[in-house]
Amino acid sequence: MASISNSSLFHALSLLSFLAFSAQAQLSSNFYAKTCPNLQSIVSSAMAQAVAKEPRMAASILRLFFHDCFVNGCDGSILLDDTATFTGEKNAFPNKNSARGFEVIDAIKSNVEASCNATVSCADILALASRDGVVKLGGPTWTVGLGRRDATTASQSTANSDLPGPSSTLSTLISMFSAKGLNARDMTALSGAHTIGQAQCQFFRSRIYNDNNINPSFATLRQGNCPQASGGDSNLAPLDVQSPNKFGAEYYQNLLGSRGLLHSDQELFNNGTQDALVRQYSQNRNLFFSDFAAAMIKMGAITPLTGTNGEIPSMASMSNSSLFLVLSLLSLLSCSANAQLSANFYAKTCPNLQAIVRSAMARAVSEEPRMAASILRLFFHDCFVNGCDGSILLDDTPTFTGEKNAFPNKKSTRGFEVIDAIKSSVEASCKATVSCADILALASRDGVVKLGGPKWTVALGRRDATSASQSTANSDLPAPSSSLSTLISKFAAKGLSARDMTALSGAHTIGQAQCQFFRSHIYNDNNTNPSFATLRQGNCPISGGDTNLAPLDVQSPNRFGSEYYKNLLGYQGLLHSDQELFNNGAQDGLVRQYSQNRDLFFSDFAAAMIKMGAITPLIGSDGEIPSFLLPILTTSFDQPAMASISHTSSFLALFILLLLLVCSANAQLSPNFYAATCPNLQSIVRSAMAKAVNKEPRMAASILRLFFHDCFVNGCDGSILLDDTTTFTGEKNAFPNKNSARGFEVIDAIKSSVEASCKATVSCADILALASRDGVVKLGGPKWTVALGRRDATTASQSTANSDLPGPSSTLSTLISKFAGKGLNARDMTALSGAHTIGQTQCQFFRSRIYNDDNINPSFATLRQGNCPQTSGGGDINLAPLDVQSPNKFGAEYYRNLLGSRGLLHSDQELFNNGTQDALVRQYSKNKNLFFSDFAVAMVKMGAITPLTGSNGEIRLNCRKVNS
């Protein structure tokens, strides 16, 4: 049959292998192919012997890998013994007297060293050994990306804070996994590792004596070997009561019967959000195996040390050198956070750059110590608004309103003249070579160092934006009155964890703030030290004196240290947002740690600065390298005389912003991917879509919906196009798609035309991505650059389509959560929802809204009721336009409909219903260009959701079936 995969044995693996390559561009399964070709056989053989001797060892090694990756990434740090310079992770509470298997890794390392001296990292050995142990007990196999290097330090405190505990609640589990880039589904799948192995009494005692969601006979059984009062702490019990030495789905079956051994196990099935998935896994071992393997690949890609970072030690338990305690951890981020940034970017073209910047910052800070904080704030406010692109430095122009006068910046951001002066010096040495964005990144670091703070490697290669956005600055920058939850959310939207947020807030150990930003805190808040409030009130009257200054750190405003956190412990945080970090909340413990351990703060601050510096930079040929920072003197398209004004037409501002995502969202996708192999591709797709949309304007919306429903289910891999086979049930008949997804014949026709021109070259996934864009453009919408190079999946998942696609009755919180699970923030979600400015939907999807919702315009409801009877089953497939004003024109009318309570779907109106997106909906309703810009950006981001690339997947010859 043409619809059956080449080999059903690899049902899960075809979907998974790509992650080993795309999740972390610097890892490769072939990394040691030439330097240590026998590596995998050595590890496999050793693990076979170890597990044959003691089956429990597979679980022990798997646990080591998990505990390694969750603490500063998969870097082998858990294997390090304590030294005179650091306390390692082995004796952290989650590991002490329970982590085991070190001798197995040592033995494998010795064997590998004998074959390939000083070549293979302990981190890679641990990754392979984890996989091979699982396979030995009957579990799935997966491709392990290799090329990790080993950490030269370890962190007991991070192990204590970042590893989930056995008493964790479901919300805590989801949050802790989310902080590592793993979603709730990954968490539930990875928890299935507890289908093998054992746990100590100390970890499940509380559950078997106190929890009320436990099977009584199971509790009694476990109590027999785990006394209630004390003693027997290290007594063991199997995590899976049915088959502790076989890797299967029995663990989930146990949960259904309330026989989870740990409290955290049973939380997965306890009337919560994961109940349905637990049921699925309990009934479908193949689904569990597929998801487990995918999640293991994702976990294995958590911030590894690669390239020249870290080391390759001779023994697993000892570092070659401890000189680079912090830097070894940090440099990895400068290489891996963005594959096209490099610390050596200007090594040949501007070798004196760093010396020029360092010298200039030394002078500026010597003259005014506060300047270090001012430059650091500029960098933060730049990166948080469309990425680290120097846009904050731009003056207003006739074509755009810049960020300098946004509320968080107006009359408070400063230091522009310092950047101008550095730019002039750099231009004198290396004309039109170095971006303002890179100068700002370097200057921020050098100011911190000048005041005694940590140093970190700054990755370079950013280019400068040709536009700026005051509205984004107003919406995306955290305010001084922000609550803790708002801070965490705003940083999370930029890819920064709660720990990063708390560390970066330590920048307030230097600098000053204006009275207008802390007045409310010192007069109204009840969590401020009274004498401190009185002190600050002396220079900040209850009215007037808005620009009067006070030091953010009352102890040492001109020295970069950890005093800021000590201030918080004494309720002397100057801003409301400062004190939120220590106010009986989730960050209290970390604030205490930083207050007592400056080195830990310095390490975390430096790591977070690197991560922040990698927020969607413009790279490659995107943006520009301006020459100066004064008003523009020429309108030519040569290098401009001034950097505060773009030389590029404002008509192109949108596309300059978008191209960066094409390059940075996924390093293996490129708009030029088919330039040599199928040069006519885009014209073929564009022409076909023009014909299809001319014939039926609705087709643009149908194709766009196909792309959305494809990307949200295991990534943009063309899986939605596959028909069902005897080996899998595809996505076409999933509830969100059945009898509503359409346009398949259009993709088929385009594929035939492309095949006639470029046989077996272009994937169906890429055709769908291009067709989506071209349909939007045909109806008057924005254009964006489509990155190409995706390959096609050889399987599909109806269950994932049912679980991952948002429904038409979704609440706002569900929408935000489901999009966040795909790496898309709330703004992306609201922009992408604007796709409903075109197309139609069936009565079955809006019936409940027009008859039951109370936030609907009555006349609009009556209009729609005319073609959608109340009784289910009648007229289910009757159609109505999603945009009542202009269903065949791509514009901002959809948002105006929402303002008038005329959203057709419940999920539509949720965007404007006294919630967090109301303001953005209003903006889009008035500013079509803003909507178009955001929509295009979000489409690029969505198009980069875990594509199959390289040698993964296939190039289907027929989009409906895998190759035979």
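Note: Cβ is positioned from N, Cα and C throughout, glycine not excepted.
Annotated in TrEMBL:
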type: SIGNAL; residues: 1-25; note: signal peptide
type: DOMAIN; residues: 26-320; note: domain 'Plant heme peroxidase family profile'
type: DOMAIN; residues: 340-625; note: domain 'Plant heme peroxidase family profile'
type: DOMAIN; residues: 668-963; note: domain 'Plant heme peroxidase family profile'
type: DISULFID; residues: Cys678-Cys758; note: disulfide bond
type: SITE; residues: Arg705; note: site 'Transition state stabilizer'
type: ACT_SITE; residues: His709; note: active site, proton acceptor
type: BINDING; residues: Asp710, Val713, Gly715, Asp717, Ser719, Glu731; note: Ca(2+) 1 binding site
type: DISULFID; residues: Cys711-Cys716; note: disulfide bond
type: DISULFID; residues: Cys764-Cys959; note: disulfide bond
type: BINDING; residues: Pro806; note: substrate binding site
type: BINDING; residues: His836; note: heme b binding site
type: BINDING; residues: Thr837, Asp883; note: Ca(2+) 2 binding site
type: DISULFID; residues: Cys843-Cys868; note: disulfide bond
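Everything TrEMBL records as a feature, shown here on the structure.
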{"residue": "Arg705", "record": "site 'Transition state stabilizer'", "CB count, 10 Å": "23"}
{"residue": "His709", "record": "active site, proton acceptor", "CB count, 10 Å": "21"}
{"residue": "Asp710", "record": "Ca(2+) 1 binding site", "CB count, 10 Å": "29"}
{"residue": "Cys711", "record": "disulfide bond", "CB count, 10 Å": "27"}
{"residue": "Cys758", "record": "disulfide bond", "CB count, 10 Å": "16"}
{"residue": "Cys764", "record": "disulfide bond", "CB count, 10 Å": "30"}
{"residue": "Pro806", "record": "substrate binding site", "CB count, 10 Å": "19"}
{"residue": "His836", "record": "heme b binding site", "CB count, 10 Å": "26"}
{"residue": "Thr837", "record": "Ca(2+) 2 binding site", "CB count, 10 Å": "30"}
{"residue": "Cys868", "record": "disulfide bond", "CB count, 10 Å": "23"}
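With respect to Thr837 (Ca(2+) 2 binding site), the closest of these disulfide-bonded residues in Cα terms is Cys843, chosen from Cys711, Cys716, Cys843. Secondary structure at Val713 (Ca(2+) 1 binding site), as computed by DSSP, is coil. Note on the domain 'Plant heme peroxidase family profile' (668-963): its mean pLDDT in the predicted model is 93. The shortest Cα-Cα distance from Ser719 (Ca(2+) 1 binding site) to any of the recorded positions (Cys678, Cys758, Cys764, Pro806, Cys843) is found for Cys764. Of the recorded residues, Arg705 (site 'Transition state stabilizer') and Cys716 (disulfide bond) place their C-alpha atoms 12 Å from one another.
Residue with the densest Cβ environment among the disulfide-bonded residues Cys716, Cys843, Cys959: Cys716, by other Cβ atoms within 10 Å. Using the Cβ center of Asp710, Val713, Gly715, Asp717, Ser719, Glu731 for Ca(2+) 1, the list of other same-chain residues with Cβ within 8 Å runs, in sequence order, His709, Cys711, Phe712, Asn714, Cys716, Gly718, Ile720, Ala793, Ala796, Ser797, Ala801. Annotation: His836 are the recorded positions among Glu731, Cys764, His836, Cys959 whose CA atoms are within 10 angstroms of the CA of Asp883 (Ca(2+) 2 binding site). Cys678 (disulfide bond) falls within neither a helix nor a strand when secondary structure is assigned with DSSP, and so counts as coil. In the three-state DSSP reading, the residue listed as 'heme b binding site' counts as helix.
The number of other Cβ atoms within 10 Å of the Cβ belonging to Ser719 (Ca(2+) 1 binding site), over all protein chains shown, comes to 29. Listed in sequence order, the recorded positions near Cys711 (disulfide bond) (C-alpha within 10 Å of its C-alpha) are Asp717, out of Asp717, Cys764, Cys959. Around Cys678 (disulfide bond), the same-chain residues six or more apart in sequence whose CB sits under 8 Å from its CB are Val754, Ser757, Cys758, Thr761, Val762, listed in sequence order. Most buried of the binding-site residues Asp717, Glu731, judged by other Cβ atoms within 10 Å, is Asp717.
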